[in-house]
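Notes to accompany the following structure.
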Amino acid sequence: MPAYSNILGLLVLLAATPAAAFVNPVVLNRHREQQQKQQAAAVNTTSVAASAATQTAVAPAEVPIVTIPLDKQYVPVVRNNKTVSYKTAYFGRIYLGTPQQDFTVVFDTGSGHLFLPSATCDSFTCRKHRRFDRRASDSSIDVDHGGHAVRPDATERDQVAIAYGTGEVTGEFVRETVCLAKHEAPVTDESEDCVRIRVITATEMTPEPFNTFHFDGVLGLGLDSLAVDPEFSFFGQMAKQNNLVHELFGYFLSRSDKVASEISFGGHDTRRIASELEWTPVHQPELGFWQVKVKSVSVAGESLPLCEEGDCIAIADTGTSLIGAPRQVSQRLHWLLARKVPDNPSEIDCRTFPGPDLVFELEGGVKITLGPEDYSRATAMRVLQKANNHSQVICRASLLPVDDGEVLGPKAWILGEPVLRKYYTAYDWHGKRIGFAPAVQPPAPEEGAEEAPRHTIIGAPPQEPPTPTLVQV
């Protein structure tokens, strides 16, 4: 996912380029590096075309939609000892190995691998999370970065380093069975929610940002080319091995913490859309990102000159909690979306204060319209002029500046949580396109309802309107 500020700043990550995505993984082939030094010759590596552990293909069948409820975590952003905003992360449960071990992961369209902490990692950061014990799994096979089985007596292992915005993980490789549901009986080839893929087991994880978040790892849902090898691609291998009739997944974000957000595999959830999906093609799918062409961006009907030639792009990123805007236009966009609040209120939630619409027109005629309830930072800013002691309360947008990247260029936008909360999104793996439809928000359960909660909320902010942050000029 982008290296911007979001979850893993990371995924929310906090910087500005899809994290594991925009940064190419660096394979640390330590064994071969030693050979190179000894032989002074480059060593070519090849990938294995097939594996004995790969599931047998099954005849095409209607695969039921698998829907996973997502937990939500709020992480406060503090400035001068005051919480000015929150980063958010959404994560659900998956199951690895035989017998199964369960983990929570962010389902991230901005990265291409599944990584989890390894039981061999004993750092404080790793120990804060569930760790995968490959020795406890009968279905786990140690492999090198080319997919070859590693000898049991091997003393050194190939490794990979992947950057996630402000953080990084270093890990080894295993081939393992990954499932989207709990199986009491042994997993078989007919288990349609399971797949054999290569997994990165992290032997090192940087404290930032992984100490902050409760989820254990990241499951990348970027296209095949975003991974070191297609065998790392969870959904790519799921579609291939299980012969999915509907090679797509859908993503729903709830506006209410009382209702679970969800991700669905093998189709989209028609209960969560208010109209038919409108589709826009993926631009340059060979890059691996779920990116689309942006024909124009406007605020209150005023088009931004940056995108007037129709050469802007936008990435739909489930791992980013903000809207990302090219740095060169972010200041202008902040100015256009700012609103003065009359009467200097002592408390106000800016998401409820009127403001202009922010509109993205995508290729194929798809229009994404965001209002102040979508893009606003909840906490206002009180600007105090020291010269005359006059103050003005201002509501602002919450935007993430995206730096000019070698892969994406200077005109890249990030369609993060504000867009994905207002619009249900469907990701068509086979057709290389993204569908958008206004999301239908289900009613919250009634007070006293006995049904078990499907999700957990961590670190929820106070319910009362926030106090404006004071800025003196």
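For all residues, glycine too, the Cβ spot is worked out from N, Cα and C.
Annotation in TrEMBL places C350 in a disulphide bond whose other cysteine, of C179, C194, C395, is C395. TrEMBL lists a disulfide bond between C121 and one candidate from C126, C179; that candidate is C126. Around C126 (disulfide bond), taking its Cβ as the centre, 22 other Cβ atoms fall within 10 Å, counting all chains.
When Cβ-Cβ distances below 8 Å are used as the criterion, the compositional bias 'Pro residues' (462-473) is approached by residues 79, 82-84, 345-349, 378-386, 393 of the same chain, each at least six residues removed from its ends.
Closest by Cα distance to D108 (active site), from the recorded positions C121, D317, C350, C395, is D317. Note: C350 (disulfide bond) has non-local neighbours R339, V341, P372, S376, R377, A378, T379, A380, C395, R396, i.e. same-chain residues 6+ apart with C-beta under 8 A of its own C-beta.
Spacing of C126 (disulfide bond) relative to D317 (active site) is 25 Å (Cα to Cα, whole number). Taken through DSSP, the region 'Disordered' (441-473) splits into 0 helix, 6 strand, 27 coil. Working note on the disulfide-bonded residues C121, C395: by count of other C-beta atoms within 10 Å of each C-beta, C395 ranks first.
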